[in-house]
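These notes are about the structure you will find just below.
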Amino acid sequence: MTERTLILIKPDGVTNGHVGEIIARIERKGLKLAALDLRVADRETAEKHYEEHADKPFFGELVEFITSAPLIAGIVEGERAIDAWRQLAGGTDPVAKATPGTIRGDFALTVGENVVHGSDSPESAEREISIWFPNL
């Protein structure tokens, strides 16, 4: 089934020079880049994006990190795009859960700075795409 999903290459992925390799992995997987935007996220967008974590102690740090430097926001399309992207990304904890060969397994060291984000369901994808790309 063809799907769309939001991807973020977080500030650590941009700052550490991993954008080209991440995009290459997306394309090698057979997924299509439908939108791509380099930007510094504003606080309002970051807070909306992470609203399910608003009551957690790490919320402030999460918002600070995601707004601290440029990131890439994108929409990826393809057959089972959500699962395909999550497979490419690897587990959220890059040491305990992400295997070598995944983006996080290869490039991340901490849960807080784990290089990429991807929607975890069709509902999340729809909500997140509307936050980052309200005109699409």
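The chain as shown is numbered from 1 upward.
Every residue, even glycine, has its Cβ placed from backbone N, Cα and C.
What Swiss-Prot records for H117 is active site, pros-phosphohistidine intermediate. According to DSSP, H117 (active site, pros-phosphohistidine intermediate) is assigned to a strand segment.
Cβ contacts within 10 Å of T92 (ATP binding site), excluding its own Cβ and spanning all protein chains shown: 15. Secondary structure at T92 (ATP binding site), taken from DSSP and collapsed to helix, strand or coil, is coil. Summarising the annotation, Swiss-Prot assigns ATP binding site to K10, F58, R86, T92, R104, N114.
Listed in sequence order, L6, I7, L8, K10, A89 are the same-chain residues six or more apart from H117 (active site, pros-phosphohistidine intermediate) with CB atoms under 8 A from its CB. In this entry, ATP is bound by K10, F58, R86, T92, R104, N114, whose most widely separated C-alpha atoms sit 23 angstrom apart.
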